[in-house]
Amino acid sequence: MRVVLLGPPGAGKGTQAKMLTEEYNIPHLSTGDMLREVIAKETEVGKKAKAIISSGALVPDSIVNQIVSDRIDEADCINGFILDGYPRTVGQAEALQQILESKNMRLDAVIELCVNEDALIERMERRVQETVAAGGQVRLDDNPVAFAKRLVEYREKTSPLSKFYSERGMLKVIDGMIGIAEVTRIIKGFLS
């Protein structure tokens, strides 16, 4: 089972990926985690990514696409995976389609979690409070200014993916305002 989770920051993609990973025993592939991993392993691609990130620039699609392609080749992905945070642009979605076709694979579902912006801001604030209360490290981008920028970037770059996948008959849209368990139940229904 190969699934892409779409939605704005704070929509619950990571939460749902965790639930689906446990249910279907397939890995949750987060581009942030994959980038950190190749940098830590000091792979050739990791060295390039580290140099780019160190300069303050965004890692280009060509490198992100390669990291995703390499990760999909790993043994734990043989029965599928859940992508979270990729693709972020139509260009990346087209690249993913080519990557999968070259491996004789296809996506089984693209699921978009829709949540209104006021609720997203409330969720971000609650996540910060819960993290602080638990003595954890707050994400650098979990502050009102950075979060607002992430929402703008999502609207401009990532939201066109809805149309891209809808035109291909692959998009399933879920109201992310309902409870976590109910969202999970609906996703499982789509995947069965």
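Glycine is no exception: its Cβ is also placed from the backbone N, Cα and C atoms.
Region 'NMP' is the annotation Swiss-Prot gives to one range among 30-59, 90-119, and that range is 30-59. When Swiss-Prot is compared with the stretches 7-23, 126-142, the one noted as region 'LID' is 126-142. Long-range Cβ neighbours of Val59 (AMP binding site) (same chain, at least 6 residues apart, Cβ-Cβ under 8 Å): Leu35, Ala49, Ile52, Ile53.
The two recorded residues, Gly12 (ATP binding site) and Ala57 (AMP binding site), have Cα atoms 27 Å apart. Residue counts for the region 'NMP' (30-59) under DSSP (helix as H, G, I; strand as E, B; rest coil) come to 22 helix, 1 strand, 7 coil. Put simply, Thr15 (ATP binding site) is 28 Å from Ala57 (AMP binding site) when counted between their Cα atoms. A C-beta separation below 8 Å, combined with a sequence spacing of at least six in one chain, links Tyr86 (AMP binding site) to Val4, Leu29, Thr31, Val64, Val68, Gln92, Leu96.
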